[in-house]
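Worksheet: one structure, shown below.
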């Protein structure tokens with residue numbers, strides 16, 4: 001942890017600088033950041049799995065403890081009010097002792113409703129940052145998630161500190177181990193459910209610890225973009241496998257996708273071809289490049305793949321203009337990555353919150369930023385046989401499609417290949433590939 005401790009010192013300095021700057025700009029005394037609180041299931045005495053406020057875990061890697069608070073003004077040492085109740089029903093987390101604790105004045109809270117005792121006495125100029133506005137009301141906060149503050153914080157989420165980049169490297173390293181285990185499980189004949197268990201066992205994280213619900217899809221299920229059903233029964237015929245699965249490290253996410261063919265066939269060749277497209281797009285990433293331009297370039301690459309593999313006729317430009325490529329590749333090229341899988345700030349033009357909308361022809365693109373050093377993004381081109389989208393094409397566009405080849409590819413579902421990439425000033429760092437997930 002020595003390296004993380006060193007990097008964390010600079011990380012805290014940057015977070016304090018940001019808080020000081022936005023509070024001075026907005027005439028605030030500071031921010032009070034709430035980790036969150038449990039949500040009770042309807043008509044039950046059980047809570048939903050706790051998910052921490054991402055603005056809270058930006059400060060420290062406490063991910064599983066509700067009713068905690070960070071009090072920061074950008075000048076003084078931040079206070080961590082750590083919830084440690086007297087409870088014989090549940091495990092009570094120990095008082096933190098880690099590489100980051102020296103940076104906080106840690107105070108212990110035993111009852112959630114006693115938090116007012118730990119907060120500044122006059123909250124008129126302090127801003128509450130969190131989900132539970134009812135709690136903020138009771139405590140007397142006038143400023144609750146003010147737009148100017150949130151826009152500022154979201155915009156700067158794209159600019160990762162060196163501590164954050166190292167956490168994301170470690171998240172990728174963990175996830176790659178899971179992907180390799182899942183790949184072997186697929187070729188060993190496992191079901192979707194069994195592959196999922198193999199993955200989680202390998203990375204040592206549970207379903208509520210990974211950053212999102214894993215997509216483990218065999219055969220035609222790979223055409224369902226957010227498939228999470230996990231069939232227990234093994235398919236009668238094993239054709240293809242798409243896995244979109246991540247891992248967490250200190251609250252930072254990895255988000256990786258791979259697709260495999262059970263046999264060396266035409267679908268396998270299409271995977272190889274799309275992999276080359278993905279790497280070609282990554283090579284074009286550098287500061288100053290518009291992410292929208294990379295997305296549109298990907299559509300032209302995919303248009304050529306459709307022609308090369310006999311899925312469509314015409315030119316790549318025609319297939320893009322007719323919307324054919326959007327039927328085969330309906331989602332965005334990727335998104336910003338960090339504390340959240342779809343990290344905040346992907347549409348932010350500036351600190352003030354100026355919104356850059358996705359192009360009208362590509363409404364599902366999650367990032368419209370201009371690339372800059374220390375940003376982390378996913379690059380995830382895909383190609384799927386989704387009948388719903390193909391059927392919605394115009395008559396002219398349908399004429400460009402070779403339906404015989406589409407029918408042949410349909411049982412394989414689709415392909416997605418996704419890496420996590422750091423943009424540096426003079427290079428790109430493909431974390432996913434560098435940790436050994438090369439195919």
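Backbone N, Cα and C atoms are what each Cβ position is placed from, and that goes for glycine too.
According to Swiss-Prot, 244, 255 bind Mn(2+) 2; the candidate from 26, 418, 429, 434 that the record adds to this site is 418. According to Swiss-Prot, 255, 335, 418 bind Mn(2+) 1; the candidate from 209, 283, 380 that the record adds to this site is 380. Within 10 Å of the C-beta atom of residue 255 (Mn(2+) 2 binding site) sit 27 other C-beta atoms, taking all shown protein chains into account. The Mn(2+) 2 site, placed at the center of the C-beta atoms of 244, 255, 418, has further neighbours from the same chain whose C-beta lies within 8 angstroms: 215, 245, 246, 256, 257, 378, 380, 416. Taking Cβ-Cβ distances under 8 Å and a sequence separation of 6 or more, the neighbours of residue 244 (Mn(2+) 2 binding site) in its chain are 214, 215, 255, 256, 257, 416, 418. Mapped onto three states, the DSSP output places residue 380 (Mn(2+) 1 binding site) in coil.
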